[in-house]
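Below is one structure, written out as structure tokens, with a few remarks after it.
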């Protein structure tokens, strides 16, 4: 299979084809996901919770992401690889340039940043320097202490309008993908329709251009809490490879996420 490019992902949006994404942190699972046909792998700062055992993503460092990105890239030959810029690693444009370069040298195809309008200067600078950027709006886990917990965002009209405006500003600044997390289905639909770039949802309903899950949630192996928006695909299949195939099939056929996995 040919290497997935951002232009291929954009074409999938234009053709109304669903994009399938999953987090990955090591070579073994990256190979399974890649061979199954997952188009995008995210080396997420979620590793702080599912691998390191923290109660948030805040302790994760750039070196953590660099290490796991290199592991994923070693076996994922077709999937498009996105690496998270972790908490406080992009507070200024200059910091974002330096830390994004580290992740790109590790093999990432794109870096992801959480935040709205305040990121536009950094996004422009990164793109000018040849580094593709994925945005992340809605529930941004690095801001959990501002939100007062992991809560659905955009239910109030004013905040919904602000999120839509942020998405448009980030697109204008140069992001080529957007992750939209834990927002009502109606808002996700508005943002997905308004943007030319692909929108990847997690807890955002089935109207986005694609879906992403934390792999530990998708296999039901997360310690403790399992989010409402997730589903244990391993429970239905009993086999990891079959579970990945089921996830792909249900995303492509719009069976997942269903109403029970969505917010209104």
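Glycine too: its Cβ is placed from the backbone N, Cα and C atoms.
Feature annotations, courtesy of Swiss-Prot:
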- 181: active site, proton acceptor (ACT_SITE)
- 45, 46, 84, 112: 3-methyl-2-oxobutanoate binding site (BINDING)
- 45, 84, 114: Mg(2+) binding site (BINDING)
Around residue 84 (3-methyl-2-oxobutanoate binding site), how many other C-beta atoms are within 10 angstroms of its C-beta? 32
Cα-to-Cα gap, residue 84 (3-methyl-2-oxobutanoate binding site) vs residue 114 (Mg(2+) binding site), nearest whole Å: 9
Candidates 45, 114, 181: member of the recorded positions with the richest Cβ shell (10 Å): 45
Not counting 45, 46, 84, 112, residues with a CB within 8 A of the CB centroid of the 3-methyl-2-oxobutanoate site are 23, 42, 43, 44, 47, 57, 60, 65, 83, 85, 86
Secondary structure at residue 112 (3-methyl-2-oxobutanoate binding site), reduced by DSSP to three states: strand
Residues near residue 46 (3-methyl-2-oxobutanoate binding site) by Cβ (under 8 Å) yet at least 6 apart in sequence within the same chain, in sequence order, are 23, 57, 141, 214
Reduced DSSP state (H/G/I helix, E/B strand, rest coil) at residue 84 (3-methyl-2-oxobutanoate binding site) is strand
Going by Cα-Cα distance, pick out whichever of the binding-site residues 45, 112, 114 is nearest to residue 181 (active site, proton acceptor). 114
When you measure from the Cβ of residue 112 (3-methyl-2-oxobutanoate binding site), how many other Cβ atoms are you left with inside 10 Å? 25
Using DSSP, would you call residue 45 (3-methyl-2-oxobutanoate binding site) helix, strand or coil? coil
